[in-house]
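Single-structure report; data block below.
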């Protein structure tokens, strides 16, 4: 299988085609470090010049900044790209007649947005919250229609003991109904979830007719539980998948002995050992581990595209090289024979 970043693939039943490689925009919001307007523009242009025509954003990214940046770039292009953004968080502030709920405890793994806009996020998965989020994203992006909406970070990973409250807002409170109405009216082409846990997508399929979902970090060379437990269900229900987090927080893109982070924390010994064995086999076949990590999810028929998040034009170009690297079938056969993939 030889991949091209610009290759167009059908996105389930949405009628959309997305490039096999998509660009996530979270870093443009100042994730981990500030990003200037000039650097953000250069990064987006490099993605476009590389043939990428699928871009993902969210109100959360830079508290609205990323949607502004992305819309400003795409509105100037002669060719229409596919855009996905998210619902579930509103960007707001206190004002006369409105008092916001207390801010949730800060996640110690969240370094914040270093040059985001001066807003505060408030979770709202209800009918009115979803509709307002859609309206706000239309204005920030500058497009009257948005191709895809993902319900952002619903689930226990984000909400812990508040999960049931937010789940009820999404289900009984009309969040899914709002998304269904937007799809029926042609305001969006499809919707699904954008999350870090496949189990909540499985649960959501019992509540709504999802078209496409974004799953981060849960289908990779180091985590394949979803391949047996979830991907067949996605195929059966006709729901396409976009996979993000293919490097599992960096360990699969780092050189041997380099960064040892897995799922935003220090990698446990068994993950380090598995990664070292992957390095051994990659060296044998002269394949960069990062290239294998990027291409692996697309070997499954349920997956339409993968998303990358980068901080510079150089990183985009390097990712495209990895993505388009020729990998022999024997390499994958060896991984399978050693139980590293199924």
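Keep in mind that glycine also has a Cβ here, set from the backbone N, Cα and C atoms.
Annotated features, as they stand in Swiss-Prot:
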type	residues	note
ACT_SITE	56	active site
ACT_SITE	61	active site, proton donor
ACT_SITE	86	active site
BINDING	245, 246, 247, 248, 249, 250, 251, 252, 253, 254, 255	NADP(+) binding site
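Put simply, 56 is the one of the active-site residues 56, 61, 86 whose Cα lies nearest to the Cα of residue 247 (NADP(+) binding site).
A Cα-Cα distance of 27 Å separates residue 251 (NADP(+) binding site) from residue 86 (active site). Note on proximity: among 56, 245, 249, the recorded positions of the record, the Cα nearest residue 86 (active site) is that of 56. Spacing of residue 255 (NADP(+) binding site) relative to residue 61 (active site, proton donor) is 28 Å (Cα to Cα, whole number). Counting only the Cα atoms, the space from residue 245 (NADP(+) binding site) to residue 61 (active site, proton donor) is about 16 angstrom. Neighbours of residue 249 (NADP(+) binding site), defined as other CB atoms within 10 A of its CB across all chains, total 19. Counting every protein chain shown, the number of other Cβ atoms lying within 10 Å of the Cβ of residue 251 (NADP(+) binding site) is 24. Listed recorded positions: 61, 247; maximum Cβ neighbour count within 10 Å falls on 61.
You'll find the Cα of residue 61 (active site, proton donor) roughly 17 Å from the Cα of residue 249 (NADP(+) binding site).
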